[in-house]
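A short write-up of the structure that comes next.
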């Protein structure tokens, strides 16, 4: 097998000798890279033999494959070695792309659910984040909480099958409306996403779906969501419709305030109201129920700000470059203190919601105690400088905290059913 070593035995020959220069020019010309390298500023070219050639380049990093004159493929990797320059940043004005994005191109999914879909459907599935359902779970949990909180308050107590059918309908609605929210978000951010490493390959950002097509797709999603909404009791329509205003305005908040997560919390937590009318309880006619729903809603808002603050740390550098505001940027130096405060507010309001309905110890131990334990562990263990750590805790913290609260509520419901049965036995 022909190797580069047969063309130049020493690094000095590649750097300065005519054979090395000729070979280098041949490699670069075949990939149209000579122009880029001439206008750049101090880069290292690494190839399979470990030889390095210092060139002038300002660009951050890219990888390509080229071939020598013998038809042999060689992997060429370019890495920036610039001085006095932040390698992880870029400027939107110069249309530079962050370092994390230049070495990665879009590839169709080869595993998971999306790999089984037709190629023409995949961009739409990616647009609604069908392969990343954690957002759907976060949207569903407030609906589940309110349903379980309201279930023992109905007369008679809501039977388990009704709870199951109601929460199943809520999950379907969360799946649809989360997808619609993602589409609306990507439409607003179509000029920002290409400058953020994590979002640059989204369907609209990479041109797989046009904005016009995305708008039409959004219309169909909203119609599907309306179909789910009208499947609930009529009162749910009047409680649910106002949330659409929040769905549409959240992406704008990222442009005007460092606290868009608060707006997201108002949006994602709306389900905390919906479980009551879904089971036939009118919040407007009962101040005690409205207080319970309101405190549950506020608790979920605090939770949303908390977990999305961790999520925002994944993009903190790219957001700063692209001009996107977030609570993570505003409180970068005291994030864990803010997270601790949010956790205290969340648990305190959760406890107040339980007190309002006269919840027993099962609720406080299960829901409030579970939330304290899971949130405390997450805040302690998450490494905010690590994208992988932030994503792991965002993904699984959903189940740790949401699952604990739901189990506590389910336990409270079960204890009330048992108490009711015992009371009926004594009176019979």
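Indices start at 1 and increase along the chain as displayed.
Heads up, the Cβ atoms here are built off N, Cα and C, so glycines get one too.
Caution: TrEMBL annotation is automatic and unverified by curators.
Taken from TrEMBL, the feature transmembrane segment covers 137-157 (among others).
Summarising the annotation, TrEMBL assigns transmembrane segment to 169-188 (among others).
Tertiary proximity for the transmembrane segment (209-231) is limited to same-chain residues at least six positions away from its ends with a CB under 8 Å from its CB atoms, namely 123-124, 127-128, 169, 172-173, 176-177, 179-180, 183-184, 186-187, 190, 203, 237, 240-241, 244. If you look up TrEMBL, you'll see 209-231 (among others) marked as transmembrane segment.
The transmembrane segment annotation in TrEMBL covers 237-253 (among others).
Annotation source TrEMBL lists transmembrane segment at 262-281 (among others).
Sequence annotations record features per position, and here TrEMBL assigns transmembrane segment to 287-307 (among others).
Below 8 angstroms of C-beta separation, residues 149, 152-153, 288, 291-292, 295-296, 298-300, 302-303, 305-306, 309-310, 327, 331, 363-364, 367-368, 371-372, 375-376, 379, 405, 412 of the same chain, each at least six residues beyond the ends of the transmembrane segment (337-357), sit close to that stretch. Taken from TrEMBL, the feature transmembrane segment covers 337-357 (among others).
Among the features that TrEMBL reports, transmembrane segment is placed at 363-380 (among others).
Annotation source TrEMBL lists transmembrane segment at 392-411 (among others).
Within the chain carrying the transmembrane segment (363-380), a Cβ under 8 angstroms from the stretch's Cβ atoms is held by residues 306, 310, 336, 339-340, 343, 346-347, 350-351, 354, 393, 397, 400-401, 403-405, 407-409, 411-412, all 6 or more beyond its ends. Relative to the transmembrane segment (392-411), the listed stretch 137-157 leads the set 137-157, 237-253, 262-281 in CB pairs under 8 A. By the Cβ criterion (distance under 8 Å, sequence gap of 6 or more), the transmembrane segment (137-157) is not counted as touching the transmembrane segment (237-253), fewer than 3 such pairs being found.
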